[in-house]
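Structure first, commentary second.
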Amino acid sequence: MTGFVPGRLVADLDRLAPVAECWLAFSGGLDSTVLLHALHAVRADLPGRLRVIHLDHGLHPDSARWAAHCRAVCENHDLPFEVQRLNLQPVAGMSVEALARTARYRACAARLQPGDLLLTAHTQDDQAETLLLALIRGSGVQGLAAMPSVTALGLGRLARPLLGVSRAALAAYAKAQGLRWIDDPSNDALWLDRNLLRHRVMPLLRRRWPAVSETLARSANHCAEVALWVDALASSQLAETRGTRPGTLDCRILASLARPEQKAVLRLWIRQRGFALPSTRVLERVLEEILPAGPDADPLVAWSGCEIRRYRHDLFAIPPLPLPPSGALDWSPDQQRAGLRLPPPLGQLRWIHAPFERMESSARFGEGDAMTVRFGVRGALCRVRTGGPRRALKKVFQDAAIPRWVRPFVPLVFLGESLIAIAGVRGCVADCPGPTAIPALEWIEHPWSDLELFRHDETSLTGVAAS
């Protein structure tokens, strides 16, 4: 595309209908300023109501001034506007740029409702740079596909309507319309790989091959087509490789596939789990260290933001484990109705079907007995039925198929020194006066909820008698 015509946006976006609301990610830079101006010009014909969001990373001293500029532009165009201030937390092995990018998309994803569309101002030049960076990293076809024009994001979708437009065409449009925009000085920092390509490599290539951005972007499209085909094949195999828990893979079935199929299934699975893809070397470690491991082993392969673990025959992709909690938490009677908030990110505990008036009875629990929640108690014993033998906590975990790496985080409820409840694993029949059993515990909002490691239905709630 040699020029930029706002009217073409309408045809492109109409293909994505129905759309509830169109959200523009507006940085205030040249590209997003042009996109905002163009969308405003055709707003009556857009498939959804236009709204604007600005992400403030707080990384630059002028970030507040940039947010104010964006607000003023939107007020001048009478467009709904909001600012999301990002709280960037360092992640080992992740650059500030990658961290900021991840935070931006996460914030936007949280804002989208079903039917919403997020629009970004990535250009043809951005696409060419992304392809070159992927080549330098040695990426496969998924990476060489660069940025998709449309993809799912949160409950909505992300669209990049300017991928066929050059940055030069946008600059010419901005000049003709007399637009003002923000120049972020970090865009000139040559120590950043993308900036080095943009300011040093691409001008050299363009002098020799004037259409280089267009042809590189076309190559990315070819790779995207191949990537879709690979994903379609891998999706079929992934469905046949599911483990016993949601979101897991069966190591035995995965091991039976050819090596290229294993890699394709793993990459698709990791992406579906919401994690960044690892390097080829790390992916090879998963195949060489985790798949051959015995069902009793506890192997681990990790990269930035993700851990691959195995328990028995199931393969798990999870966020990095936090530090195990230490010490005991008091669970006073007045907290037992509302539940107990655990140390982040472990969520909270609450009783289900709890007869609170009996729980709070000192006659039932014994004078002076305090209820506490503890973690990782070694050598703890419990009874799985009244009058039955005492069993080691480790054995209870094994019977409930709780992975070793989760066990240090499982809340254990003690009455005095008696273990009376294991969160999410078993209900409890207290070995104390009164005919009524202490009800089972529900553990919610913990980091492994989507894996359904803990069941709360009646069939799983065998009693644990206090010992």
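Cβ atoms here come from the backbone N, Cα and C positions, even for glycine.
What TrEMBL records for SER27, GLY28, GLY29, LEU30, ASP31, SER32 is ATP binding site. The domain 'Lysidine-tRNA(Ile) synthetase C-terminal' annotation in TrEMBL covers 371-443.
Every protein chain considered, the tally of other Cβ atoms within 10 Å of the Cβ of ASP31 (ATP binding site) stands at 21.
The Cβ of SER27 (ATP binding site) has 21 neighbouring Cβ atoms from other residues within 10 Å, across all protein chains displayed. Of the listed binding-site residues, namely GLY28, GLY29, LEU30, the sparsest CB environment within 10 A is found at GLY29. Listed in sequence order, the residues PHE26, THR33, VAL34, ALA121, TRP181, ILE182 complete the 8 Å Cβ shell around the ATP site centroid, once SER27, GLY28, GLY29, LEU30, ASP31, SER32 themselves are left out. Mean pLDDT for the domain 'Lysidine-tRNA(Ile) synthetase C-terminal' (371-443) in this predicted model: 77. Around SER32 (ATP binding site), a 10 Å sphere centred on its CB holds 25 further CB atoms from the protein chains shown.
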